[in-house]
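Taken from TrEMBL as is:
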{"type": "DOMAIN", "residues": "37-127", "note": "domain 'Acylphosphatase-like'"}
{"type": "ACT_SITE", "residues": "Arg52", "note": "active site"}
{"type": "ACT_SITE", "residues": "Asn70", "note": "active site"}
Amino acid sequence: MRPLPLLAAAVAASRTPLRLLGRGLAAAMSAAGRLKSVDYEVFGRVQGVCFRMYTEGEAKKIGVVGWVKNTSKGTVTGQVQGPEEKVNSMMSWLSKVGSPSSRIDRTNFSNEKTISKLEYSNFSIRY
C-alpha cells in the first residue's frame, strides 16, 4: 500500500472537502499577497522607556519589516511593511500598547500604500 501524500492525509483526517480547503487556501494566499507600507509617528512618553526595543520585538513577533527611531522632538518615528493584516496589527500595537512604561497620547500614520515588494529584509532600530 502506498502512503498518502501529506495534503491528502490531512484532508482525509480532517474530513474537510478538498474544494473548501482549496477556497480557504486561495483566500489566505490572496490576503498574504497584498503588501502594505505605512509611516508612523508616536507621541507621548515614548523616549527613555524602551519603546524602540519593544517595537522591534513586536514587529519581529508579528512578522513585519521596517525601522524605528527616536526624533529630536521627543517622538518615535518609523516605517512598517508587510502583509496587510500584519501591518494592521502593528499599527494597532503602535496606537494602543507600546512598551510597558510608555504612555501613547496619539499615533499619526501617513503614506499608507500598497507596495509590490518589501524594501527591507528585517526590522531594525535606527539611530
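Glycine is no exception: its Cβ is also placed from the backbone N, Cα and C atoms.
Residue density at Arg52 (active site): 21 other Cβ atoms are found within 10 A of its Cβ, drawing on all protein chains shown.
Using a 10 Å radius centred on the Cβ of Asn70 (active site) and all shown protein chains, the other Cβ atoms total 18.
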